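Peer 1: This is the structure I have questions about; it appears just below.
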Amino acid sequence: MNNKDSYLKSPDLLPISSEERNIGPKGFAVIWVGMAVVLAAFAIGGSGVQSLPLGWVIVATLIGSVAIGIFMTIIGDIGVEHGLSFPVYMRAPFGTIGTHIPSLVRGITAACWFGLNTYFGATAMNGILNILFGFNNWFICFIVFAALQLINTALGIKAIERFADLAAPTIILISAWMYASLSDQAAEQGREIWSWVESPVTGGAAFTAFMVVVMSNMGFWATLAADMPSLSRFFKAPKNERNWFKRNKSQIVGSIIVMPIVNTFMIIIGAVSYIAVSNFDPVVALQEAASGFILGILLLMIVFAQWSTNTSANVIPAATIFSNVGGPKVPFWAAVLIAGIIGIAVQPWSLFDVIVPALLIIGGILSSIVGILFTDYYLIRKRRVNVNDLYVGNGQYKYMNGFNLAGMIAWIIGGIASYFLSSYSFIVGFLVGAVIYYILGKYWWFKKYKQAEIEDPSDEKYLGITVGRDWEILEEEEVVAVPEDLNPQI
């Protein structure tokens, strides 16, 4: 086995066997409660009620949340069926080297989200220390909070899930209290939360504002729509089950039911916060709504919420990608550190004011990747994958010097199209990326570079858990180990 093959076989990127999959529907639902309570989502609600009544903001949020949940579940079947992570499967539509370019975009985006959520947690931590000891230096809190989360992540997914189990009920309590308190505060100012709108719009402008809320919610979770295989490969699924819905039960419960409910509640709180105090920054809203001991407890809950979200939704996906790019020379703990450095370097405290337009752009860029993954996995390969060759440097996925030009071209065109139609960014990016990749792949690229599973779509050779198979890839002797605690136990 040559060095290039070893480079493709970092131990944390190998397929997950059915015995290692320990997350069921209940476990994923709990994880989603932790992940979906993202205080940055407040900005979408606050921006929405500047133009629309709260009821319409809720409808738009539910539509966007359920839609992106469906996309997550569809793409997540890659992990359920074959036990593959996002950066590994990306070798099929982008090539063994080309995969690094779109993967890095996703990884850097996740690292930026880590920084933004850490900033919220740090300002809350600073508020607690100010109440208790008169200490007031949010930047020191930012560095300390970032370090704590990175250490927690480096210890493995089990440590993260234990923390999520503790944080989830706490997060629900703070959310309910915030809604009740801010609603009362809005009422005291004579603002009825279901009818108040800062600058009402009608006609075409109202429809555009509605779609911006829909697309912002989709863009908010676009990173996980692309990267869901990195989580779903740990989900329990019955062997020899050909019913797609039964195989993906854990995903359906978590991504299509639990996530939209929790995400919508976060959007509501952001909207009510803006109505009550004209600011959707969650820390500012809390400081307006409470004081003393109660404020300290609520700020502590914000710290828990951001910690729970960041580790599972941002740091692990980013670290997995950076480890894939660096190969065995970049162990998991080092990749976690890289994600943390990027999250700090982007100065997240300057990102909050531009979060909604940024979500539309990011969502469009990533949605074209989702479209390409959908086309490659379902329409071209029909869920059959030559998994062994994903780990071979000179195999069928080498294409032209490691690049699949059909994927690269479709991604670029899809991203550009979504940028110029930003109000509908996710849908535009998905459709353009999917259609162009299908045309280029089916009628050009895969005629030139033959794919075994396309030429011979055998169930027994190229399906995974549907036919009871666990893919086994032999590791090199000299590998860099990742934390033993990496596999979930829910």
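Count begins at 1; order follows the chain as displayed.
Cβ atoms here come from the backbone N, Cα and C positions, even for glycine.
Any TrEMBL annotation is an automated prediction that lacks curation.
The transmembrane segment annotation in TrEMBL covers 27-48, 54-80, 92-116, 128-151, 202-226, 252-277, 289-309, 330-349, 355-380, 401-420, 426-445.
Each of these features: where is it, how hidden is it, and who are its neighbours?
Peer 2: A Cβ distance under 8 Å defines the sequence-distant neighbours of the transmembrane segment (54-80), meaning residues of its chain 6+ beyond its ends; these are 16, 44-45, 48, 86, 89, 193-194, 196, 210-211, 213-218, 220-222, 224-226, 228-235, 237, 244, 247-248, 251-252, 255-257, 259-260, 263-264, 267-268, 271-272, 275, 370, 373-374, 377-378, 383, 426, 430, 465.
Under 8 Å from some Cβ of the transmembrane segment (92-116) lie the Cβ atoms of residues 8, 40, 86, 146, 149, 223, 226-227, 310, 313-315, 317-318, 321-322, 324-325, 338-340, 342-344, 346-348, 351-352, 355, 362, 365-366, 369, 372-373, 375-377, 381, 385, 390, 393, 397-404, 406-408, 411, 437, 441, all in the same chain and six or more residues away from its ends.
Counting residues 6+ beyond its ends, the transmembrane segment (128-151) has Cβ neighbours under 8 Å at 114-115, 118-119, 121-122, 292-293, 295-296, 299-300, 303, 306-307, 310-311, 315, 336-337, 339-340, 343-344 in the same chain.
The list of residues near the transmembrane segment (289-309) in space but at least 6 beyond its ends in sequence, with Cβ under 8 angstroms from a Cβ of it, reads 34-39, 117-118, 120-121, 124-125, 127-128, 131-132, 145, 148-149, 152, 163-164, 166-168, 170-171, 173-174, 177-178, 181-182, 185, 276-277, 282-283.
Taking Cβ pairs closer than 8 Å, the transmembrane segment (401-420) reaches residues 92-98, 101-102, 361, 363-365, 367-369, 371-372, 376, 426, 428-430, 432-434, 436-437, 440-441, 444-446, 449 in its own chain, all 6 or more past its ends.
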Peer 1: What else in the chain is close to the transmembrane segment (355-380), if you only count residues 6 or more beyond its ends and a Cβ gap under 8 Å?
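Peer 2: Tertiary neighbours of the transmembrane segment (355-380) are 40, 43-44, 47, 71, 74-75, 77-78, 89-90, 92-93, 102, 105-106, 109, 116, 212, 215-216, 218-220, 222-223, 225-226, 407, 410-411, 413-415, 417-419, 422-423, 425-435, 437-438, 441-442, 446, 454.
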Peer 1: Residues of the same chain, at least six outside the transmembrane segment (426-445), with any C-beta under 8 angstroms of its C-beta?
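Peer 2: Distant contacts of the transmembrane segment (426-445): 68, 71, 93, 215, 218-219, 222, 363-372, 374-376, 379-380, 399, 404-407, 409-411, 413-415, 417-418.
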